[in-house]
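Notes for the one structure printed next.
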Amino acid sequence: MEGQDEVSAREQHFHSQVRESTICFLLFAILYIVSYVIITRYKRKSDEQEDEDAIVNRISLFLSTFTLAVSAGAVLLLPFSIISNEILLSFPQNYYIQWLNGSLIHGLWNLASLFSNLCLFVLMPFAFFFLESEGFAGLKKGIRARILETLVMLILLALLILGIVWVASALIDNDAASMESLYDLWEFYLPYLYSCISLMGCLLLLLCTPVGLSRMFTVMGQLLVKPAILEDLDEQIYIITLEEEALQRRLSGLSSSVEYNVTELEQELENVKILKKKLERRKKASAWERNLVYPAVMVLLLIETSISVLLVACNILCLLVDETAMPKGTRGPGIGNASLSAFGFVGAALEIILIFYLMVSSVVGFYSLRFFGNFIPKKDDTTMTKIIGNCVSILVLSSALPVMSRTLGITRFDLLGDFGRFNWLGNFYIVLSYNLLFAIVTTLCLVRKFTSAVREELFKALGLHKLHLSDTPRDSDTAKPSANGHQKALTR
């Protein structure tokens, strides 16, 4: 009987492993297909001939797609775990959800950590060096020569990074135990290096997310149709049509003595056409879309942002009075044993919405920063080098998202796998400072956003607007002179 029970247990374990592997493969296959569609939408179209550069581009494309799929998996990791915990809690004995268990969740966290390390330290550097390689001088040109150069560059880069980590760790903690651990590559180097990368990602999120939270109002205002209050859209469309016709006549009768060259006029004509399309879209929009959707979305954004700041403020208080609020504190009851929110399924749904909202805001804020402004991909006109840079940036942000969400107290779900073993998560002062900085910077960005119109009027009233003291972005079309040399004064 004991032998039969042991065989039955082995069979169940085997079938469980096969089932979990199949589920992980299917989930990753879906993410890979979606990532491939997204990248090919922005990738610059090249010639279809099968030359050496085309093969290199295709390999870099597959590696970038794999990295973007891993990034998407890291973003979905925490929401999937939260909703799985609530489902298991609500239907513990349901036959159709037996595949959803703690072993699967832990496996997904471990795979996300493993693939994030693989993409960040191996695949993306290989794709970049392989794309830029030409082969060593004196060797026969070809794919093999480029692979050889890429591998040599990867080895040199690995030695450089390991040396930096060795020196940094020896300077920070130079006791005997740490000096012995410095010689352990797998157990010390890689976790310590990934912990540093995670801290850098969280700091980048600390910079991007508050900016993105304030920028989201502008982005949604550009995507939605604003209410037409005291505006005559027909008159504006009539004026912009006349201006379009005037520009077309200028282009058709252009001579060398004209002040504007062809490129400037064509660019201005394109801007006028874009403005005309926006006005026509506003005119065709229904009254519900103009007067209900836009205010509702703005109010929803304001509520989500306010809830995020309030949760961070509550987490700061919890950190001061309860040590279990630390991200690396006491472990919870486990998956499917207790709800993570006092409001049950509704609270879990709110946490998931806030996590996605913070991720979208961080991406918007990342591309809104001046230093990363050139990283913005363009449809059908983005080079592979820029795609690799975007994939690495999104991977760093998405890998740090679960850590940031837990550190800020957005969710109480314990970090699993290598995500919960970062050393700095147990430092009270780092975690408290992170929460304080996030709350302060987000509040300042929102105050600056909603008081920009008041500041503009004050500057104009005091005559200081000519000094350009306000850095409020203006529409490039409004500041550009029209074809007849006069300033545009259309109401947008």
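These residue numbers are counts, starting from 1, taken along the chain as shown.
Backbone N, Cα and C define each Cβ position, glycine as well.
TrEMBL annotations:
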- 472-492: region 'Disordered' (REGION)
- 20-39: transmembrane segment (TRANSMEM)
- 59-83: transmembrane segment (TRANSMEM)
- 103-131: transmembrane segment (TRANSMEM)
- 151-172: transmembrane segment (TRANSMEM)
- 192-213: transmembrane segment (TRANSMEM)
- 292-322: transmembrane segment (TRANSMEM)
- 342-367: transmembrane segment (TRANSMEM)
- 387-404: transmembrane segment (TRANSMEM)
- 424-447: transmembrane segment (TRANSMEM)
Segment proximity, the transmembrane segment (424-447) to the transmembrane segment (103-131), 3 or more C-beta pairs under 8 Å: no
Seg_contact(the transmembrane segment (342-367), the transmembrane segment (59-83)) with at least 3 CB pairs under 8 angstroms, min sep 6: yes
Same-chain residues at least 6 beyond the ends of the transmembrane segment (59-83) whose Cβ lies under 8 Å from its Cβ atoms: 27-28, 31-32, 34-36, 38-40, 43, 105, 108-109, 111-112, 115-116, 119, 123-124, 126-128, 130-131, 335, 340, 348, 351-352, 355-356, 359, 384, 387-388, 391-392, 394-395, 397-399, 401-402, 405, 411, 413, 416
Chain residues in Cβ proximity to the transmembrane segment (20-39) (below 8 Å; excluding those fewer than six residues from its ends, i.e. six or more beyond): 61, 64-66, 68-69, 72-73, 76, 99, 103-104, 107-108, 111, 387
